[in-house]
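Here the structure comes first, spelled out in structure tokens, and everything after it is commentary.
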Protein chains: 2
Amino acid sequence: MHRTYTTQIDAARKGIFTPQMEQVLAEETISRQDLMERVARGHIAIPANKNHLNLMAAGVGQGLRTKINVNLGVSRDVCSFDAEMNKAKLALQYKADAVMDLSVSGDTEAFRKRLVAEVPVMIGTVPVYDTLTRTGKPTEEITLDDWFETVEIHADNGIDFITIHAGLNRKCAHSIQVNPRLCGIVSRGGAILFEWMAKTGNENPFYEHFDRLLDICEARDVCISLGDGLRPGAIKDASDAPQIEELITLGELTRQAWQKNVQVIIEGPGHVPLHEVEMNVRLQKKLCHNAPFYVLGPLVTDIAPGYDHITSAIGGALAAMHGADFLCYVTPAEHLRLPTAEDVKEGIMASRIAAHAGDLAKGLTGAMDPDHRMSRARQSLDWESQFECAIDPEKARAFRQSSQPSDQDVCTMCGDFCAVKRVRDLGKDRESQSAGFSG
Amino acid sequence: MHRTYTTQIDAARKGIFTPQMEQVLAEETISRQDLMERVARGHIAIPANKNHLNLMAAGVGQGLRTKINVNLGVSRDVCSFDAEMNKAKLALQYKADAVMDLSVSGDTEAFRKRLVAEVPVMIGTVPVYDTLTRTGKPTEEITLDDWFETVEIHADNGIDFITIHAGLNRKCAHSIQVNPRLCGIVSRGGAILFEWMAKTGNENPFYEHFDRLLDICEARDVCISLGDGLRPGAIKDASDAPQIEELITLGELTRQAWQKNVQVIIEGPGHVPLHEVEMNVRLQKKLCHNAPFYVLGPLVTDIAPGYDHITSAIGGALAAMHGADFLCYVTPAEHLRLPTAEDVKEGIMASRIAAHAGDLAKGLTGAMDPDHRMSRARQSLDWESQFECAIDPEKARAFRQSSQPSDQDVCTMCGDFCAVKRVRDLGKDRESQSAGFSG
């Protein structure tokens, strides 16, 4: 079927309601008109590469359910593509909305093709990493064409969104040198581009030749996730001049992308203390013209390796409440090791909790329904329904089964002191319970 | 040594700086003068029963580090006092600030005495539960003296703070009947008193005879933790009329207690959506005249049994940021079973993260120091220091040891793509790295 539009944003501007928009509409509570208007204005992105044939498209942005992403991918030291494919399956099983393949070793293209063929949620990558892996060159020998060829390969492979650290230009690189940081650059893609710029003396290739990037992305409808190469990697570095300078640049690039009908998502911090989370979200929304905001955490303290799924659930929930649209999960393995399958599950659950808590706070239509179902099940001491309503039915069931109460109505925490049962039984005992307190 | 004052608040009002205030001062960054003034005004409580001889006193309130409490205690179905004593030891090992014994079965007094003898942090109980356990009577046969005798026993045993649901009077009981709820009463102590009031037709004994309670508490310097018997047990019930009506009553009782030199802490919700957390804290501080606020969560969604340490870490962190002073931990077992030792550890860590994130956001003096140490250790790829700075060194170490990188500088997540190492090596390569971006 010949498309009369290039990208989702182009379609929306032409008044065309695409099959991908239909898919989004079916899963959300937004109106048809609002969806199309917001896609046209860039406030909602629908990452949907034309070559990702089995994709069930989802939307990211204002008025939609907060989405979560699962990072996976091999490293030099832990390099089993089968293990990573298993993580992708866990992501689907536990209802993640997106998968990013951050592989930096081995035959990345074969794995990427496998992912695109088997994973029906949106898939993201970071072509900068893969340029090093694919070419095997020392960073300083990478050519302009090398960078862009990798982007083209990923686009052709069917990747729905790509992280591009185009905002880390020489001006921003200068900024981290005049505004010293505790932890410098902690973004892998940012560090690679910084190294390339430092060693070659060139400008950031994606900043200098942003139009070349836009042409590639428009042709396959690849959404650009504008990466924050200068995101803070320490509480002390949060919201500093380099971070905000890069954010300003991302806002300028966002407008350029929208002019070429290319969809954009903005990536955000990072390590951020709790009282700066709201400000970060509001500033991103302002400086980037309400483009969807994708936060990597934020982690609200530096001191909890082994528990960073929790530090990021705290920050992510608050970010979502204030308008962040997309949360990148963080696993308990963050800062320590490539995550195991178990880490992946813990990360997904923490991130889903944060997203859902944010949706309740956003007042998203229908978001409270599962909470009401759960609370009704609790009030009626209906354990089977409680498991069904739970975000992780198998874990809830296993916890209860591990510790059996003598009275099946209650649990072993309270036993005969169960408040719900006590008040319920009181109601049964009395003709009219309320009469007791009416005087 | 004869004391010339009854309670900490009495001492502060008389200008006496007690040994307990010295202990608080040694662990906090508040000034001597501020501490004494705030104790005198009730804005800081130092729960310190005269009979808790090995206590290292800690303070709860404005300008102090946010504290965390560990609940433990046997139930009918899981009734090993040794297992509960082991939880108390875990609480100390993992740096909890308080322990509450919620035992509702067996020889509770023997266990309470053992706890007081062996646990040097403040200890709390809920005498209402124990009145049923101790007397073995059906609720409606409990006498006024039964209720107060239990309080006296706990006070004599050396308990530092007792939860008393004195605010759930007949007026508030009427309120939940004219303002229907999804989950009614979920507080165990609240449900027991409600049942007693309904069946006997009497007023709440602790509300009606609050002065009798105050006399007992003043004599041993027992801090009253005014319980929220009507705390919401469902997102839908949060911040409703009965909850706020009870909070108003707690504010009135707070003034009465302070007049009798009795220290007070206010207990708060419960299940609260993220966007109502700030309002709940501010309202408590207002209606209860800046008395210290002790939150039981809050859980920001109902749907995550098995992960309620995370739902409550989100709510607790936000509550602490806005001024909550004391967080009651919640374990992954909440709503499902009596927690295991492993659940207790997970609950403590999640709660400590929330408290610390709150302290960073409160701008508490010195709170950021551990974060800065950790980030400096990360920046210098000093793994041993990272473990030492970690909130749970053993877990961080175990994660890393389980997945060994080929280059000991980095971890298996990024390997040779480690951003920190890449930028550091770049600095080593170049005479002056900064020159590259100065133009």
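Each residue, glycine too, has its Cβ placed from N, Cα and C.
Listed in TrEMBL for this protein:
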type	residues	note
BINDING	A:Asn71, A:Met100, A:Tyr129, A:His165, A:Ser187, A:Arg188, A:Gly189, A:Asp228, A:Gly229, A:Leu230, A:Arg231, A:Glu267, A:Tyr294	substrate binding site
BINDING	A:His271, A:His335	Zn(2+) binding site
BINDING	A:Cys411, A:Cys414, A:Cys418	[4Fe-4S] cluster binding site
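Location within the structure of each feature annotated in TrEMBL.
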residue	record	Cβ contacts under 8 Å, 6 or more apart
A:Asn71	substrate binding site	A:Val99, A:Met100, A:Leu102, A:Cys328, A:Tyr329
A:Tyr129	substrate binding site	A:Leu102, A:Ser103, A:Val104, A:Arg188, A:Gly189, A:Ile192
A:Ser187	substrate binding site	A:His165, A:Gly227, A:Asp228, A:Gly229, A:Leu230, A:Arg231
A:His335	Zn(2+) binding site	A:Pro305, A:Asp308
A:Cys411	[4Fe-4S] cluster binding site	A:Arg400, A:Ser403, A:Pro405, A:Cys418
A:Cys414	[4Fe-4S] cluster binding site	none
Lowest local Cβ density among A:Gly229, A:His271, A:Tyr294, A:Cys418, which the record lists as binding-site residues, within 10 Å: A:Cys418
A:His271 (Zn(2+) binding site) versus A:Tyr294 (substrate binding site) - Cα distance in angstrom: 14
Most distant Cα pair in Å, residues A:Asn71, A:Met100, A:Tyr129, A:His165, A:Ser187, A:Arg188, A:Gly189, A:Asp228, A:Gly229, A:Leu230, A:Arg231, A:Glu267, A:Tyr294 binding substrate: 20
Chain B contacts among the binding-site residues A:Asn71, A:Gly229, A:Arg231, A:Tyr294, A:Cys411 (Cβ under 8 Å): A:Cys411
Surrounding CB atoms that lie within 10 Å of the CB of A:Arg231 (substrate binding site), all protein chains: 27
DSSP three-state assignment (helix, strand or coil) for A:Tyr129 (substrate binding site): helix
A:Gly189 (substrate binding site): tally of other CB atoms within 10 A of its CB: 25
A:Tyr294 (substrate binding site) - helix vs strand vs coil (DSSP): strand
Secondary structure at A:Gly189 (substrate binding site), reduced by DSSP to three states: helix
